[in-house]
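Q: Sending over a structure as structure tokens; questions will come in a sec.
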Amino acid sequence: MIKVKSPGRVNLIGEHTDYTYGYVMPMAINLYTKIEAEKHGEVILYSEHFGEERKFSLNDLRKENSWIDYVKGIFWVLKESDYEVGGIKGRVSGNLPLGAGLSSSASFEVGILETLDKLYNLKLDSLSKVLLAKKAENEFVGVPCGILDQFAVVFGREGNVIFLDTHTLDYEYIPFPKDVSILVFYTGVRRELASSEYAERKHIAEESLKILGKGSSKEVREGELSKLPPLHRKFFGYIVRENARVLEVRDALKEGNVEEVGKILTTAHWDLAKNYEVSCKELDFFVERALKLGAYGARLTGAGFGGSAIALVDKEDAETIGEEILREYLKRFPWKARHFIVEPSDGVGI
């Protein structure tokens, strides 16, 4: 029996840039998917969250449109890549909320991959884990995500954010201020629109790159956007500005300038809301209230359309600010919201 802890992730800055090979700045966080498992002839897993057991044989990898597809996807991708593994029997638990924009799917997939790697001695290196988990989500589960989530879950390092160029996969660890916490606010709004709207934005972004003849959004300057049709210009303009903001946050963090980091995050949120059109009134409410209560900055994190937002706050004030916003939020909105105080943490491991 082995026990694996696979973290969720928060993206500090660089939202909706990874599918055009731009810059991102995620971190693994101290909320986890936990998997306890042993070798077995089949796959038998009990999910605490769903309160049910699912099982399948290794020669039946048909999709079931349930949480077990994330597991099947990992077995499928290993088979596709000529790795030989047997089954597992075990239990999935943890404190990482599902559907909250904190990459529970990537956390789960990478956790299953790590479990199989250790049980069957696959000797996978870190980048292979990232690429295999991404392929499983893209090609088996059918979610057209970029590389950000899996990279953060695998490469996370305690006390650091990751500055990642998703084009070259060059990365750099940047220390996060020790006296600052990240307040994560889950709005309770399920992201029903996210899959179709996300796919539309990804399609428009990819078309924009083709029109401009570029391999990455990093190569595009604001002056070139006039070559694009109006909606493409609006959406892709956001991506170009967001790439620049990631570089600005990198520099501000290195200088220890938390105030500047906060301002950039807030600017990013309103650009996401007004020009990329992926916010909602609940996310905007959190950002406005967090700033009024003393946050350095705040923005939605993840795909948007609900899910979660983050605020940078002094560690000593984090819980108070979180409780106050939650109290006001619950008076105004009918959703079951929650808040978490998180810190940059290590990636997947035993």
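Glycine is no exception: its Cβ is also placed from the backbone N, Cα and C atoms.
What Swiss-Prot lists as site 'Transition state stabilizer' is R9. Swiss-Prot lists E15, H16, T17, D18, Y198 with the feature substrate binding site. The ATP binding site annotation in Swiss-Prot covers S47, G99, A100, G101, L102, S103, S104, S105. If you look up Swiss-Prot, you'll see S105, E137 marked as Mg(2+) binding site, on the strength of sequence analysis. The active site, proton acceptor annotation in Swiss-Prot covers D149 and is backed by a curator's inference.
What does the local environment look like for each feature on the list?
A: Annotation for R9 (site 'Transition state stabilizer'): same-chain Cβ neighbours under 8 Å, separated by at least 6 residues, are P26, M27, A28, I29, L102, S103, A106, S107, L148, D149, A152, V153, G156.
DSSP assigns H16 (substrate binding site) to coil in the three-state reduction, placing it in neither a helix nor a strand. Sequence-distant neighbours of H16 (substrate binding site) (same chain, 6+ residues apart, CB-CB distance under 8 A): R201, A205, Y238, I239, E242, L272, Y276, V278, A303.
Around the Cβ of G101 (ATP binding site), the same chain contributes Y186, R191, L300, T301, G302, A303, G304, G306, G307, S308, each under 8 angstroms and 6 or more positions distant in sequence.
In the three-state DSSP scheme, S105 (ATP binding site) falls into the helix class.
Secondary structure at D149 (active site, proton acceptor), as computed by DSSP, is helix.
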Q: In the structure shown, which of the binding-site residues A100, L102 has the fewest Cβ neighbours within 10 Å?
A: A100
Q: Quick check for you: of the binding-site residues T17, S47, G99, A100, Y198, which have their Cα within 10 Å of the Cα of E137 (Mg(2+) binding site)?
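A: Hits: none.
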Q: Here the binding-site residues are T17, S47, S103, S104, S105; which one has the lowest number of other Cβ atoms no more than 10 Å from its Cβ?
A: S47
Q: Give the sequence-ordered list of residues that share a chain with E15 (substrate binding site), lie 6 or more positions from it, and have CB atoms under 8 Å from its CB.
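A: Counting only residues 6 or more apart in sequence, the Cβ neighbours of E15 (substrate binding site) under 8 Å are E242, A268, L272, R299, L300, T301, G302, G304.
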Q: Look up A100 (ATP binding site) in the DSSP assignment and reduce it to helix, strand or coil.
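A: A100 (ATP binding site) sits in coil per DSSP, no helix or strand.
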Q: Determine which residues of this chain, when E15, H16, T17, D18, Y198 are set aside, have a Cβ within 8 Å of the centroid of the substrate site's Cβ atoms, and list them as they appear in the sequence.
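A: Same chain, not in E15, H16, T17, D18, Y198, Cβ within 8 Å: G14, Y19, G22, V24, G146, L148, R201, I239, E242, A303.
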